[in-house]
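Peer 1: Mind having a look at this structure? Questions to follow.
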């Protein structure tokens, strides 16, 4: 089983750790976070306002974080180059600070003995992989990869199924996205993105997202055919993608439902879900799929122009894909 270090014990770092313990697919052996001491880590891992209390045991013992009886080495280094991943036995590192997202910056982990780095965010220059879409293109010459964004992980599997069957001529995506840590609780300064600094709990905030364009990186045939934007809304978790696209081949809405349902039960099982229930966002909290197609919410104007709706737990679904990508990479060693 691949031995993993986690850099940055924030929302994604903690939930990747949860996903690892829930699934038993990878072995977390080390965690680095300069801003959270050991006893605070115990507390933050045990209690989660969004996903509830951890079902298991968590304690501090002999300077280590012990989860379900497993001792995890703790580092508190600010510079990734100084983290001794090798000493802790970690061969893969999940880079989940949100800070070191380029090949050069994430590459610092290799100095401490890590063999590979998985960036849990989009990257300007690291190759991006989306499970179920282009993960087969991974080869073990790559030392640093990106798991793309939560929104790209929601959109890409759906876009792939639609494009494979009907062809996407062009499309626009909107994600109605839950609050994340980069937003402000009340109005505050926010660099160049003035709107992003407005109070998260009070507003619907139009924002930019590279998620749709990134689909063109993981599905090259769609490069230049998709773009999109986001609305940040005052909910703590779970987001929804609205993909409005023009189809090459004519398709009845029922035809679209059929192919998505087949994909959800076949090649994309566990990644792309399908529901005909009258669901709302809360129903997907702690859901492990990358994307769940909402058959009842979509609409068709005609056989060539459709609006498709897909839900995602932007925290937990994504964190589970980080684990799955590491398992896939390990299978190629």
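The backbone N, Cα and C atoms fix where each Cβ goes, and this holds for glycine too.
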Peer 1: With Swiss-Prot as the source, identify the stretch among 243-248, 249-254, 255-260, 261-266 annotated motif '[IL]-x-C-x-x-[DE] motif'.
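Peer 2: Among 243-248, 249-254, 255-260, 261-266, the range Swiss-Prot annotates as motif '[IL]-x-C-x-x-[DE] motif' is 243-248.
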Peer 1: Write down the one residue from 33, 139, 294 that Swiss-Prot lists together with 11, 12, 78, 120, 314 as binding NAD(+).
Peer 2: 33
Peer 1: For the D-glyceraldehyde 3-phosphate site that Swiss-Prot assigns to 149, 150, 151, 180, 209, 210, which of the candidates 18, 116, 232 is also assigned?
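Peer 2: That D-glyceraldehyde 3-phosphate site, as Swiss-Prot gives it, pairs 149, 150, 151, 180, 209, 210 with 232.
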Peer 1: Check the Cα-Cα distances from residue 314 (NAD(+) binding site) to the recorded positions 150, 175, 225, 235, 258 and tell me which is shortest.
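Peer 2: So, spelling it out, the nearest of the recorded positions is 150.
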Peer 1: Can you tell me whether DSSP puts residue 33 (NAD(+) binding site) in helix, strand or coil?
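Peer 2: Assignment for residue 33 (NAD(+) binding site) reads coil.
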Peer 1: What's the CA-CA gap between residue 258 (N6,N6-dimethyllysine) and residue 235 (phosphothreonine) in angstrom, rounded?
Peer 2: 31
Peer 1: Relative to the Cα of residue 78 (NAD(+) binding site), which of the modified residues 225, 252, 310 has the closest Cα?
Peer 2: 310
Peer 1: How many of the residues that make up the region 'Interaction with WARS1' (2-146) does DSSP mark as helix, as strand and as coil?
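Peer 2: Secondary-structure breakdown of the region 'Interaction with WARS1' (2-146): 42 helix, 37 strand, 66 coil.
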Peer 1: Would you kindly list the residues that approach the motif '[IL]-x-C-x-x-[DE] motif' (243-248) from elsewhere in its chain, counting only those six or more residues past its ends and only Cβ-Cβ distances under 8 Å?
Peer 2: 155, 158-159, 162, 166-174, 226, 303-310
Peer 1: Hey, does DSSP put residue 252 (N6-acetyllysine) in a helix, a strand, or just coil?
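Peer 2: DSSP assigns residue 252 (N6-acetyllysine) to coil.
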